[in-house]
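According to TrEMBL, the features are:
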| type | residues | note |
| --- | --- | --- |
| TRANSMEM | 12-33 | transmembrane segment |
| TRANSMEM | 53-73 | transmembrane segment |
| TRANSMEM | 93-114 | transmembrane segment |
| TRANSMEM | 149-166 | transmembrane segment |
| TRANSMEM | 201-230 | transmembrane segment |
| TRANSMEM | 236-257 | transmembrane segment |
| TRANSMEM | 269-289 | transmembrane segment |
| TRANSMEM | 326-344 | transmembrane segment |
| TRANSMEM | 356-381 | transmembrane segment |
| TRANSMEM | 414-439 | transmembrane segment |
| TRANSMEM | 451-471 | transmembrane segment |
| TRANSMEM | 483-506 | transmembrane segment |
Amino acid sequence: MKARLLALMGETDYSIFVTVMALMLCILTAISMNPAAVSSALSFFQNVITVNFTWFIMLLVGVNFFFAMWIALSRYGKIILGNEGDKPEFSYLSWISMLFSAGVGIGFVCFGVAEPMWHLYTSTHTANMGATGAAAGVPMAIQITVSNWGASCWALFAVGGMAIALPSYRKNLPMCVGTGLFGILGKKCTTSPIAKAADTLGIIGAICGNSAALGMGVMSISTAMLRIFGVEIGTFGQFSIMATIIVAFIISSVSGLQRGVRILSIGNLVIAAGLLIFVLVAGPTTYLLNMVTEVTGMYVSQFMNMNFFTDAGHLQQGGWIRWWPVFYWLWWISYIPFVGGFIARISKGRSLREFVVGVTLATTVVSLLWFTIMGGAGAWAELSHNLPIWTTMQAQGSEPAIYMLLESYPMGNIAAVFALISLLVFTITTSDSASFFISMQVSKGNRNPTAASRILWGLVLGMLGVAVMAVGGEEAMNALKSLAVAGSAPFCIIQVMLIISLYRMLKMIDRGEM
C-alpha cells in the first residue's frame, strides 16, 4: 500500500500535508458558519495592520526593490541559477508569457479599465491636485495603477524567486519556500520549524489567494456572458463555469509545463496584445500615445514618492491608502511564495541579471502599456463621450468596465469575446501554476511533482472556491481574500529573512561555498 501511494503521490511531507488540510477544513467551517463575521474579523485585523504598520510595509517594499536592482547591476548579476553550463528550459517568449500567467493575469482583465477609474474618483493624490473626476487627474490615476502593478510588485517576486532558486539549483536542495532561508539556516532550511512555517504560510496564501481569484474570475465571466450574449448566469451556471475551469486547469497541469501552461500562456499573450492594439487603433490613438509618454515620465520621476507614500500629510490616515496601495502590497506579499516559487521553477539556467530584468522590468513595461492604454481609453470614453463606466462600477463593481469600453467601438462585441477568452485562459493558467507550486511544497520540494499530486491540489483549490461560493457568495470570497492578506503579515518578517538570506548566499558564492 505504501509503495503504491508513493508511486502515485511521490514523496510527501505529511506534517505539512496534514497541517494544511486541517487549516483548510477549519477555514471552510468558519466561513460556512458565518461568512459575515469571519470577513468582519479579518477586515478588523487587516485594518490594524494597515493603520499601524503602513510605514514598515512601504519600507520593506522599497528596500526589496533596491536590493533586487543592486543584484542586477552588481557583479553578482552574472551568477547563474544553476551550475555553469546549464541552459534555460524555456525561450524568452515562453518565459515572459508564463510570468504573467503565474498569478496576475486575471487582474489585468478585471481591472485594466476599472482601477484607473477608481483612482481618478477616489484617490488622495487626485484629490490633493483638485482633479478628482477630471481630465487633469487621469495621468495621475493611471500612474498610481502602474505603481501598484509595476516594478516594486514584481521585485518582491524576483527576490523571493532568487532566494528559493539559488540553493535549490546550486546545492540540489528541495524547491520549497523554506529553502530560501539557506543563507541563514544552512542545511536546517529543510527541517527547521521556521522553514516549515514558511512552507505552510506559502501554501495557505496560494490556496486562499487563488481560490479568491478563481471566484473573482468566475464572477467576471458571468458579467461578460450577460453583456456579450445576454445570458444571465445564475448560481448553477457559476458552479458550471467553476467546474469547467477546474477540469481545464487539471488537464493543463497533467500535461506538464511544456505542453500545458507554456502553450496557454503564449496564446494568451497574443490575445492580450491583440486587444491592446485594437483599443489603441479603435480608440483615441493620439491621446493614448500622449498618455503612454506622460505616464512613463511620471512613473519614473515620481517613483520614490509613490513607493514611500504613507499619507503622512494628513493627521489621520485616510481610507484610500489602506485599501489601495497598502492592501496591494500585502496582497502581493502573500503571493511571494507562490509566484516566486513558480518563477524559480521555470528560470533554471538564467543569470540573476536576466532574472531581475525579465521578472521586474519587462513585466513593468507590459503593465504600463496595458493599464495606460486600457485605463486611458476608459477615462476618455467616460469624460468625453459620457460612457457611464464610473456610474456602472459603483452599482455593479469593476467587472463590467472593460466590456463597456470594448463594446463602444466598432466590432467591439468580437473584441469583448476575446477579452472573455483571455480571462478564461488566465484563470486556468493561474490555478494551474498554483496547483503546481503547492504540489512542489507538499512533495518535499520535488521540481516535477506527480500528476496525481497536481490533480489533488488542483481539486483542493477548485473545490474550496466552489464551497465558499456555495455557502457565502461574494461575502465569503471577500473573507478568503482577507485571510490571504492577513496571512501576509507574518510573511513580511519571512521576506526580510529572505533578503538577508539571499545576501548571505551571494557572499557564500564569493567564497566558493555554493
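Just so you know, the numbers here start at 1 and follow the chain as drawn.
Placement of Cβ uses the backbone N, Cα and C atoms for every residue, glycine included.
Those TrEMBL annotations? Automatic predictions, nothing curated.
Long-range neighbours of the transmembrane segment (93-114) within the same chain, counting only residues 6 or more positions beyond its ends whose Cβ lies under 8 Å from a Cβ of the stretch, are 145, 149, 210, 213, 216-217, 220, 257, 261-262, 264-266, 268-269, 272, 335, 338-339, 342-343, 346-347, 350, 358-359, 362-363, 366-367, 370-371, 374-375, 377-378, 389, 393, 398-399, 401-402, 404-405, 419, 422-423, 425-427, 429-430, 433-434. Contact between the transmembrane segment (236-257) and the transmembrane segment (483-506) is not supported, since fewer than 3 Cβ pairs fall under 8 Å when only residues 6 or more apart in sequence are counted. Remote same-chain residues near the transmembrane segment (201-230) are listed as 16, 20, 23-24, 27, 103, 106-107, 109-110, 177, 237-238, 241-242, 245, 331, 334-338, 341, 396-397, 399-400, 403-404, 407, 413, 416-417, 419-420, 423-424, 426-427, 430-431, 434, 437-438, 441-442, 460-462, 464-465, 468-469, 474, 477-478, 480-481, 483-484, 487-488, 490-491, 494 (criterion: CB distance under 8 Å, separation of at least six residues from the stretch ends). Ranked by Cβ pairs under 8 Å to the transmembrane segment (326-344), the stretches 53-73, 356-381, 451-471, 483-506 are led by 483-506. Counting Cβ pairs under 8 Å that are 6 or more residues apart, the transmembrane segment (356-381) and the transmembrane segment (269-289) reach 3 or more and are in contact. With Cβ pairs under 8 Å as the measure, the transmembrane segment (53-73) is packed most heavily against 149-166, out of 12-33, 149-166, 451-471. Distant neighbours of the transmembrane segment (269-289): 93, 96-97, 100, 108, 369-370, 372-374, 376-377, 380-381, 384, 405-406, 409-412, 415, 418-419, 421-422, 425; these residues of the same chain sit at least 6 beyond its ends, with a Cβ under 8 Å from one of its Cβ atoms.
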